[in-house]
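Peer 1: My questions will all concern the structure given below.
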């Protein structure tokens, strides 16, 4: 149908709304006087509709969304949500999000400003290129050869490239706040993995700082100012020890100085980052320029060789044995180093005498063909001389001492795996871009592009440098770690153009900057972990200065960094941090693989060029590199991470981050449940899977906490435990009470260390709720097979909702469901988990075969420290026709095959006449039952009549009259304490033709079946009391309820008589299947 409408400008709309608002207010005031609150639904004058925020934004006009009016308090308008998400300040009020508490502490993010090049590419370049490139890459090429060096670099670069692909997928799967790699791992793999790997990453970053500082000192003392050394070389062969001591002293001073700089002016460190990066880039350009120059004009760096041995030029300047001067042959300083005098007829070293001194160019140039000599490896032992391949040499006598001679020696034993550990730190730093995700203009585009480009660039630089070094530099120079053969020059510097000082100064500033960056970043990472609250013992490091600077974390970082400096050897520190970085990268790959394989709905990365096989390959490569670098360091790092993991699992705060491990656990649980569903467990795998039925009071507190103590003692954390309870009522009315009850039960389970699940059921009828639990608790194959409950001590009291009727029906239902039943009588006398029985017995009374349940339960209990020192005794009953001696032998053999240690005793119970006491107890029991039926009491009155007649019959054996007191007054004030006279008077008083006459219950005879049952209960109780009155626990076969439901109340009496006088009793009713076997 046609609809007329008018377009009103915004200003007009505002004025019109004001007029309408005033009119509505007047109308509402009039309406409120005429009608009450009505249906209670908020109208246009509700506080929500007229709130200031919505009034300003005109986001919600009362009648437009009235259908969703009541939803607005918890679910915001879409326009409001999108507006806040676009501004990325904090999450909207009313949205309950898993990061709500953490995000509320974060400040509003400033406007993004950095792109891919400045924000990701350059920081990654700066972090990847560093000290190893300048100080160790030439030595690695000379030692491992070009081919093996190429393999080392390729493996490490492939590892970081695969990790970068995985990291890009994780980083583009939503917004990554500050925290970088730690945030990604913890939110993908959970707090346990996140905390463990985060701390490992922190330790790696800290040791990286130590490595950079050691590199700085090595450049300073070896190549810039050797005279600045504090410890001088006194004797030959002490060079290494003196160098390490110098590094310890200088390193301690520099780390303190850097810590002060970071503490006072961290902003200056960030501003100088580009300066340090410029030093690195200029140094690399100088290397490539020098390589190009060697093609037509190689630099002049002569090397002195004695035979094929390289000589150090620290102690001489002329590479010759003697020189001609003024037609006279004179010896050189080199002669005096090998001979005992400067005379030509002096006694010289044997090798010196037999071999000539030659001089070759250290940098022959890229066109010289030296590449073929450097292709293969030249590993050596510690203290061996650096020798040139394919150089003629005559071996001297073995007795010649080489300690004080000016040879170039190797300072450590070299092999392939050790070089991998030393080199790997040079490819770390790929996380620099993701760590700055909050400052990027478009993080989901910049992080993958910038990181992968940076890795590609640095991989090309490293791989090309390997080939170029091998093609330009002589092998003995490459293996000369500290440049002793080239007058103490940095080996890379000898290749650089225009001067070696470009590399020396550039590498010095780059290592200084990298050290400062490590000391700046590591404390912030530790602070982020501490503020998450997942590792309790480091929470103090979450505090800092007023501006948020992590003061305490900085102090710890400096302390750990000092440990690395005291090690003092760059080659020893590098493998340590390699372990921590490799472990971090391994878990980044694992996180991506897990998320991809789980296919969780939230896994929607914008970066599409990933696959779980690549992540798995990266993870495997990281693990392999860990053990290739150093298997013992790898085991130590994994042990540290494992200890942190278990600590967080045991003591850490519970965090729900929607992590992949939780999803993996759900998938694994689903898979296992589907497998278990195939059939019932084998007898060898059977164990009691418990459904514990608890009774709650009016405050929703557990009435019998000892029942959970007994559960934990029986289960010891193994198998399934479901703790259930029933609230009477309707679920819609009982939601709050249900939550409170569940919290109380879970709190008690935590205190009692009961590992399991809690299930609270609300039912209009308490009896039906118990039935629901027995039928439906559990899932699939993980269902309970045993029900544990407490004996209803006050079953005779009318106000007890767990009355004898409910109890007997529960017994019947467990039997129908083919489940075992355990009933703990006098549960409040059972021990707590803190008690210890130092002696005593657990007595088993095996009356009928129940599938072995009675044998298995004491064995399980004795695994717990409460019952461990108790001895197990098994009693069985012999009848008149049984051979008790043979029974005992058979039982002992049976227990031997079951591998159970227990004392066996056969008790003889012969038939005799039924005692007067038994006859009297049966008669009184039936009189009470018959009396209730004949009086035709109403239902309420029958419930109040639960404690009639029988209160004193257990104490007295001669009282003919039965008395009982009533807990609550009967509305009609019926006299409920009976004597024969009162009963006769009441009978005549209420005489009515419509009511049938009463039987004379005092002249009735008891039912013979009941007499026999009572006789068994009395007789058996006497035997048990005689043998087990002082036992710590008595386990008894629980007889089944009568098939005729009319005798249910009598059944409770039988059980009372059977267990009378015993402190702790566990009535056991089997499930009808064998639960213990003699077979292996």
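Keep in mind that glycine also has a Cβ here, set from the backbone N, Cα and C atoms.
Automatic prediction, not curation, is the source of TrEMBL annotations.
Features from TrEMBL:
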COMPBIAS  14-25  compositional bias 'Basic and acidic residues'
DOMAIN    120-295  domain 'Amino acid permease/ SLC12A'
DOMAIN    413-691  domain 'Amino acid permease/ SLC12A'
DOMAIN    822-1080  domain 'SLC12A transporter C-terminal'
REGION    1-45  region 'Disordered'
TRANSMEM  114-137  transmembrane segment
TRANSMEM  149-172  transmembrane segment
TRANSMEM  193-214  transmembrane segment
TRANSMEM  249-266  transmembrane segment
TRANSMEM  273-292  transmembrane segment
TRANSMEM  412-432  transmembrane segment
TRANSMEM  452-478  transmembrane segment
TRANSMEM  498-516  transmembrane segment
TRANSMEM  552-570  transmembrane segment
TRANSMEM  576-598  transmembrane segment
TRANSMEM  610-634  transmembrane segment
Peer 1: Do the transmembrane segment (193-214) and the transmembrane segment (452-478) share at least 3 Cβ pairs closer than 8 Å, excluding pairs fewer than 6 residues apart in sequence?
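Peer 2: No, the stretches stay apart by this measure.
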Peer 1: Near the transmembrane segment (452-478), which same-chain residues lie under 8 Å Cβ to Cβ, leaving out any that are not at least 6 residues past its ends?
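Peer 2: Here the qualifying positions are 116, 120-121, 124-125, 128-129, 133, 137-139, 141-143, 145-146, 149-150, 153-154, 157, 160-161, 164-165, 168, 284, 287-288, 291, 294, 301, 303, 305, 310, 360-366, 368, 370-371, 373-375, 378, 386-389, 408, 426-427, 430, 433, 485-486, 491, 494-495.
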Peer 1: Using a Cβ cut-off under 8 Å, which residues of the same chain at least 6 positions beyond either end of the transmembrane segment (412-432) come close to it?
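Peer 2: Contacts with the transmembrane segment (412-432): 120, 123-124, 126-133, 136-137, 140, 143-144, 148-149, 152-153, 155-157, 159-160, 163-164, 167, 180-181, 204, 208, 211, 377, 379-382, 451, 454-455, 458-459, 462, 571, 574-575, 577-578, 581-582, 625, 628-630, 633.
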Peer 1: Is it true that the transmembrane segment (498-516) and the transmembrane segment (114-137) have 3 or more CB pairs under 8 Å, sequence gap of 6 or more?
Peer 2: yes
Peer 1: By a Cβ-Cβ criterion of under 8 Å, what residues six or more beyond either terminus of the transmembrane segment (149-172) are in contact with it?
Peer 2: 140-141, 181, 184, 188, 416, 419-420, 423-424, 426-428, 430-431, 434, 437, 443-444, 447-448, 451-452, 455-456, 458-459, 462-463, 466-467, 470, 582, 585, 588-589, 591-593, 595-596, 605-607, 609-610, 614-615, 617-618, 621-622, 625
Peer 1: For the transmembrane segment (114-137), which partner among 249-266, 273-292, 576-598 gives the most CB pairs under 8 Å?
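Peer 2: Comparing 249-266, 273-292, 576-598 against the transmembrane segment (114-137), the winner is 273-292.
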Peer 1: Sort out for me which stretch, of 249-266, 273-292, 610-634, has the most Cβ pairs below 8 angstroms to the transmembrane segment (552-570).
Peer 2: 249-266
Peer 1: Using a Cβ cut-off under 8 Å, which residues of the same chain at least 6 positions beyond either end of the transmembrane segment (610-634) come close to it?
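Peer 2: Distant Cβ neighbours of the transmembrane segment (610-634) are 155-156, 158-159, 162-163, 165-166, 168-169, 417-418, 420-421, 424, 575-576, 578-579, 582-583, 585-586, 589-590, 592-593, 596-597.
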